[in-house]
Structure formats: C-alpha cells, structure tokens
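Peer 1: Pasting in a structure now, in structure tokens, and then I'll have a few things to ask.
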Amino acid sequence: MTASTSPSYIGRFAPTPSGYLHFGSLVAALASYLDARAVGGRWLVRMEDLDPPREEPGAQAAILKALECYGFEWDGDMVRQSERHTAYAEVLNRLFNQGLAYACTCSRKQLEPYHGIYPGLCRNLGHAREHAAIRLRVPELEYRFTDQVQGEYRQHLGRDVGDFVIQRRDGLYAYQLAVVLDDAWQGITDIVRGSDLLDSTPRQLYLQELLGLPQPRYLHVPLITQPDGHKLGKSYRSPPLSEDQAPPLLLRALRALGQTAPSELADASVAEIMRWGTAHWDASLIPRTLSVPEAQLS
Ligand code: GLU
Ligand code: ZN
C-alpha cells in the first residue's frame, strides 16, 4: 500500500464478476490505477456483484488474483455491493415515497417497440411496489459534462433515455443506483472506466444531483475491440488474462493508452512496468476515440 496518499484523489476499479478479466478490463484497470497513483492518490477495488444469477462461479477470486498478479495494489479492504443492500434500500424507499420513483409493471414484450427508451407508460398509474420494477422519473433536460478524454458529452434524459430502472422486478438493485451511492460513500473523486459507460454518465449525474451528492471527474478510456468491431468481453470469448503473460500484456495495455514504454522495459518485471507507468503517466496521450481495435496494438 502506498504511504503517500492524497484525499484529493480517490479512484476505483469496479469489476462485475459476470466473467473474468480480459484485455479490455486490464486497460480500464490500468488507466484508473495509474491516474490515481501518478498523483499519490488512493485506489480502491469494488466488486459489483449485484446480480448473483449472472455471476460466474469463481470469478470474484479470479479477478482479485489477476489484479494481484498484474501488480495492482489497492488501498483498504475490497467492498462488495452485495454487502450494501441496506444502503440501497434506504435511498430507494425514500425516492419512492417522495414520488420521484414509481412502480412499473410493463413486460419486456410491451416495451419492445420503444427501443430501450421507456415511454412512461406507468408514470401516473400508482402501481403497488410488489412484483414491479422501480423506475426513476427523469426530467426533460439535457445533462452534460466534460470528459477528460472524450470531451463534451450531452444527453437529453427524457428524449434519449426515459425513466430508468433502479430496482428490477426480481428485487435486484440496478447498477445506476448502486454505482452512484457507492462512489459517493467511498469518496471517489475520479471515475476512470471504459467508454461503454459514457452514456450511463448523464443518468448518474442526475442521481447525484437529486441526492445532493458531489460530482466526480470522469475519464472514459477507449474500448478495445475485436476485428468484427465488438467489444472484448465474455460474450465474444476473449480469453481471461493469463498469469504468465503479465509483463507483455501490461506493456500492450500501456500502448493502448497511448503511453509508449521504452524498449528497455521489454524484459521488465510487473513491478518495474508499474513503476514506469506511474512515473510517466500522461492522460493527455490517451487516444481520443471511443474504441481502439485490438489488432492495432500487436
Ligand atoms: N461494474 C461495471 C463494469 O464492469 C463498471 C462500473 C463503473 O466503472 O462505473 O462494467
Ligand atoms: Zn411500465
């Protein structure tokens, strides 16, 4: 653990244990780690285990083992979202009782024609909470923020998203709610993650505003894509990070982030690569794109 921590920077890596870490998650983890350590900041790991049915058995342990093997050192104890249900329930009840959220009984089939933008069908029907999803009312407003890599991003919550789910019909809490509550609770100042979450950010900004929580800084790194343009991930069978490939894969992840390590590092250890990365981290070199094809990095 680092001795020189600065409360003015607290970052985090928040993996979902629905699969193992792959090269794309390594790039995101490395960016958040180096961005924190380069300024002497703290770096936390939070397991986003909100969805037990979709959890891959053994994934939590494998993720932590991979992080250790790749030279990541986190501050304090890892937090699991499965241990935070009381906090989520409290906020959810408050939002519901204040009429800021409401019960929705629409079926998936019913919502099919609306292409993911909820048309507000249950908004004023006053359904009971039992066996219903809970949706948060969104304002007819545009939310915008300046991302440190992707630049200005704006989204009209009413038009482009609609009232969104904060608790699923099966009782599971939604990512959008949990992530906002936990980032605030852990005092996260800087959110560094993959660009697939760029379009979730305006929903998170709205929740922060509604709950009076501070707004962190955002940095969304490019997704690593396969030749067919798909994001790397479990669904596209990208291999889990192998342990004996840690140094070359770290160097490759640095390259994906625009950080060019000197050729002397080719045979370096994980610790040496991490030290170099921390000392030379320059976020302004990260490619200002939503994705980087993996093939470009070899
Ligand atoms: N748990 C999310 C994921 O694995 C990341 C959440 C976040 O960084 O905000 O995609
Ligand atoms: Zn509905």
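We count from 1, first residue shown onward.
Using N, Cα and C of the backbone, Cβ positions are placed for all residues, glycine too.
Keep in mind the model is a prediction, meaning the values are calculated, not measured.
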Peer 1: For the L-glutamate site that TrEMBL lists with ARG12, PHE13, ALA14, PRO15, THR16, TYR175, ARG193, give the additional residue from the candidates GLU48, GLU140, GLU142.
Peer 2: GLU48
Peer 1: Between 111-115, 231-235, 236-240, 241-245, I'd like to know which one TrEMBL lists as motif ''KMSKS' region'.
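Peer 2: My reading of TrEMBL: the motif ''KMSKS' region' range is 231-235.
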Peer 1: Output: those binding-site residues from PHE13, PRO15, CYS104, CYS106, CYS122, TYR175 whose CB lies less than 6 Å from an atom of ligand 2, in sequence order; none if no residue fits.
Peer 2: CYS104, CYS106, CYS122
Peer 1: Including all protein chains displayed, how many Cβ atoms other than that of THR16 (L-glutamate binding site) lie within 10 Å of its Cβ?
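Peer 2: Result for THR16 (L-glutamate binding site): 19 other Cβ atoms within 10 Å.
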Peer 1: Kindly report the helix/strand/coil residue split of the motif ''HIGH' region' (15-25) according to DSSP, in that order.
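Peer 2: Secondary-structure breakdown of the motif ''HIGH' region' (15-25): 3 helix, 0 strand, 8 coil.
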